[in-house]
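Encoded as structure tokens, the structure appears first; notes follow it.
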Number of protein chains: 2
Amino acid sequence: MIMAKQKKAPKPKALPPKGFRDYFGADVSERAEMLRRIADVYHLYGFEQLESSALETVEALGKFLPDVDRPNEGVFAWQEDDDWLALRYDLTAPLARVYAQHRNELPSPYRRFAMGPVWRNEKPGPGRFRQFYQCDADTVGSASMAADAEICTMLSDTLEKVGIARGDYIIRVNNRKVLNGVMEVAGILDPSDPEKFTDERGIVLRAIDKLDRLGLEGVRALLGAGRKDDSGDFTQGAGLAAAQAEVVMGFMQALGATPADTLSNLRRLVTGSAIGEAGVDELQQISELVTTQGYGADRIVLDPSVVRGLGYYTGPVYEAELTFEIKDEKGRPRQFGSVAGGGRYDDLVKRFTGQEVPATGVSIGVDRLLAALRMKGQLQSAQSGPVVITVMDRARMGDYQAMATQLRAAGIRAEVYLGNPKNFGNQLKYADNRNSPIAIIEGGDEQAAGIVQIKDLILGAQLAKEASLEEWKARPSQIEAPRAQLVEKVREMLAAQGAAQ
Amino acid sequence: MIMAKQKKAPKPKALPPKGFRDYFGADVSERAEMLRRIADVYHLYGFEQLESSALETVEALGKFLPDVDRPNEGVFAWQEDDDWLALRYDLTAPLARVYAQHRNELPSPYRRFAMGPVWRNEKPGPGRFRQFYQCDADTVGSASMAADAEICTMLSDTLEKVGIARGDYIIRVNNRKVLNGVMEVAGILDPSDPEKFTDERGIVLRAIDKLDRLGLEGVRALLGAGRKDDSGDFTQGAGLAAAQAEVVMGFMQALGATPADTLSNLRRLVTGSAIGEAGVDELQQISELVTTQGYGADRIVLDPSVVRGLGYYTGPVYEAELTFEIKDEKGRPRQFGSVAGGGRYDDLVKRFTGQEVPATGVSIGVDRLLAALRMKGQLQSAQSGPVVITVMDRARMGDYQAMATQLRAAGIRAEVYLGNPKNFGNQLKYADNRNSPIAIIEGGDEQAAGIVQIKDLILGAQLAKEASLEEWKARPSQIEAPRAQLVEKVREMLAAQGAAQ
């Protein structure tokens with residue numbers, strides 16, 4: 001394949017680029033299965049799948065700095081003739097381009113979902129790759145809170161469909177406008193001069209975004225003079241007076257026993273702020289909508305302590321958290337945590353058309369949700385290897401393949417060993433590598449007698465580890481069956497293996 | 001999103017890069033559904049899915065010319081720090097890199113399939129895009145003809161699984177070694193000096209590759225002195241003597257009434273050539289293997305006229321053709337033609353490891369097969385739009401969403417109109433754009449009476465086009481139903497629509 005044959009080139013390294021990896025077998029099929037179930041729910045809700053091109057012009061992505069000859073860090077971009085091209089770094093920027101391009105033909109509102117790889121030109125690290133999957137659903141062109149409420153119920157249905165039981169997750173809803181109202185009441189947002197207090201608000205936003213890590217006391221310190229961390233480093237605070245800070249603290253602690261309590265707590269906090277009251281109205285509408293549809297507090301709750309994304313979104317924000325316990329790196333119990341988040345944003349296509357188009361949407365953390373499903377044992381079925389038919393007589397390949405054909409016709413995954421059959425041990429090693437549940441053996445003696453040997457590799461491995469002699473005898477890991485009963489006996493053995501697990 | 005705020009930048013163009021496109025709704029879900037069915041069959045055969053990274057180093061792809069500062073035309077490649085990176089241009093080059101990298105952990109033989117986009121930096125044209133899907137299955141590390149036979153039966157099963165009926169396709173098998181034997185007998189291949197007659201063989205290969213277009217007479221001319229085409233242009237021939245040319249012509253016409261006839265025709269042609277006889281033996285093995293498994297001449301045939309890929313592959317080649325008739329651009333009937341092809345190649349990982357590893361595999365033309373399934377009406381189910389619940393009273397959004405929830409719980413795709421509900425005509429236009437089969441209407445009067453209106457949009461459109469007054473009366477396109485029977489009545493109407501189509 002090397003074109004320049006004159007010099008003998010050194011052998012190329014068999015490695016992907018730094019920060020990239022390959023996915024094998026069950027890793028691919030499990031993700032595909034999860035995404036398919038998600039797509040089924042989104043489709044049921046009337047969302048249409050969109051697959052945009054992996055490449056965009058840098059101009060359309062909006063990452064191009066006119067005064068430097070290279071686009072921003074963070075994206076893979078290069079010059080191709082007169083254009084700068086880039087690999088998409090998320091699925092929202094392409095949605096903006098597609099909606100702006102096709103807005104006259106697309107339904108309005110436009111409900112779309114998208115799932116696929118995105119690329120980030122960032123320093124790779126352990127578990128951090130430069131290509132990963134995103135899975136987004138957005139409704140473009142509707143300002144109605146019903147659009148946000150629908151995303152929340154859809155997210156709830158989705159989590160249950162992929163295998164997260166009710167009670168193991170909760171969807172929390174908050175609203176940026178309520179926070180803005182709180183800021184206004186606290187005196188760090190002036191609706192008549194929105195640029196004023198920008199620095200203070202920035203510090204407040206970053207502080208409440210750290211609630212999880214710093215706790216209420218830590219956030220309180222950052223709202224005031226500042227905070228010294230364990231290492232002695234000092235972080236400058238927002239400099240709010242005690243009364244101002246209390247308003248912000250009240251926001252994060254406004255969760256009541258019922259949605260009505262929460263709403264009335266919030267309404268009290270934002271009294272006098274038009275934007276704050278509008279935000280509480282929006283929260284109330286979402287709460288009523290999902291309640292009317294039967295989604296109670298076991299699935300969707302209002303929660304003013306949800307602060308992630310409040311800096312980015314313009315109205316409702318929502319987050320799905322898995323509430324079951326796992327162990328952290330140090331063995332301490334903690335909740336699994338967030339697997340999806342989203343909210344409302346209004347400048348989706350403004351760069352292209354000058355018009356503000358309201359939009360709301362959610363993004364599922366594909367790798368995190370997959371990890372959760374693996375922990376919950378929801379993805380095992382895809383992992384089982386094929387039945388391996390061993391080759392005792394090279395001249396009878398057709399007969400062995402016919403066995404595989406029969407098994408497949410019964411829906412049983414099966415394959416014939418295709419390596420050099422001379423060393424039978426290699427064939428069993430191969431079956432082991434393939435994670436095979438069963439091996440079939442038919443040598444000359446068996447053929448003459450019209451039988452096959454069916455070897456239970458899972459039971460065999462168990463027995464080899466732990467069985468007493470009596471158990472070995474009582475539960476033979478290999479049975480003989482008439483050739484005509486091959487499919488039936490394999491099916492029985494697979495069922496017994498499934499029941500034993 | 002533009003970082004440089006000082007100058008007001010012109011609005012970006014809302015377009016993908018030249019040669020790229022977006023896929024919407026059914027175009028995405030239909031392809032996904034087809035690939036899922038293909039994956040199911042491949043999985044059943046014991047193949048494991050591999051998803052390699054979209055990016056490779058140019059070094060690993062093998063397209064780097066050391067003496068120029070840019071990689072070959074044809075790939076998207078760019079320099080990133082010290083590395084040249086490139087988007088994969090097919091799924092075989094990444095397989096070679098992955099197999100070389102992981103060969104010690106992968107099962108041997110390694111059966112893998114892969115499906116996903118590839119990128120070509122070529123001049124785009126009508127219907128020719130620079131990003132498109134490939135779908136490959138390969139067995140690496142087995143020299144056994146059983147591996148090739150298995151690919152052929154798997155391809156047959158796959159075509160039937162995606163919706164091509166038996167009789168509407170045929171899988172043809174040929175062998176490069178037989179052609180080499182024919183060349184040897186014709187005196188243009190000398191096993192003791194393989195470089196000799198390279199030019200002649202090149203012309204012969206190109207000539208028989210044009211069999212479809214030029215016919216036997218045209219190929220015959222190119223084997224001899226040469227050929228003048230309709231425009232008067234002359235193509236230099238291979239200069240074979242009549243007797244030599246007859247051997248090659250015999251190869252392309254060796255198809256007999258039975259596999260045994262074909263094999264004996266070929267065996268006669270290659271008598272005396274070791275490589276040719278080995279090729280006939282291989283064909284015979286494949287023929288016997290698939291026959292033993294019950295795949296007869298209605299599914300898989302030996303066919304010496306299959307010449308596509310003979311230049312590239314080293315042993316068996318196979319091709320799946322759809323045999324049903326379609327009309328070409330000029331309205332003339334022709335067969336649909338090839339949708340998949342493959343064969344055996346032995347230098348997969350040699351660039352990386354120095355070792356020859358035998359491999360055989362097939363690639364399905366994703367877009368062509370999709371087009372065939374659309375023609376055959378095999379993909380319609382995915383295209384139906386959602387039931388649209390119209391909004392008559394903005395304050396009752398929760399009730400409308402609850403209707404959608406009920407319909408979805410019954411597996412019926414449904415959505416509430418989320419635009420401005422003021423103009424009811426816009427809501428029906430929206431339903432039309434969404435390709436909705438049914439609209440639900442519940443205003444104040446209906447609510448008071450405990451009923452809903454269920455509007456049959458498909459029948460409505462039909463009646464609007466062609467119905468007489470009597471038909472209008474006899475088959476009302478809108479029915480009234482008790483609210484409690486919403487799901488039942490919608491299901492009945494959808495069933496009636498399905499039956500009427």
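We number each residue from 1, going along the chain as drawn.
Cβ atoms here come from the backbone N, Cα and C positions, even for glycine.
Taken from TrEMBL as is:
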type: DOMAIN; residues: B:31-386; note: domain 'Aminoacyl-transfer RNA synthetases class-II family profile'
type: BINDING; residues: B:D90, B:L91, B:T92, B:R120, B:Q134, B:D138, B:R308, B:Y312, B:Y313; note: L-histidine binding site
Coarse DSSP state, helix versus strand versus coil, of B:Q134 (L-histidine binding site): strand
Distant-in-sequence Cβ neighbours of B:R308 (L-histidine binding site), under 8 Å, six or more positions away: B:D209, B:V317, B:E319, B:S338, B:G341
Three-state secondary structure, B:T92 (L-histidine binding site) (per DSSP): helix
Neighbourhood of B:D90 (L-histidine binding site), C-beta criterion under 8 angstroms, separation at least six: B:V118, B:Q134
Neighbour count (Cβ, 10 Å) for B:T92 (L-histidine binding site): 18
Which same-chain residues, if any, lie at least 6 apart from B:Y313 (L-histidine binding site) yet have Cβ under 8 Å of it: B:R176, B:G342, B:G343, B:R344, B:Y345
Site extent for L-histidine, whole Å (max Cα pair distance, B:D90, B:L91, B:T92, B:R120, B:Q134, B:D138, B:R308, B:Y312, B:Y313): 22
Per-region confidence, the domain 'Aminoacyl-transfer RNA synthetases class-II family profile' (B:31-386) (mean pLDDT, whole number): 91
Surrounding CB atoms that lie within 10 Å of the CB of B:Q134 (L-histidine binding site), all protein chains: 19
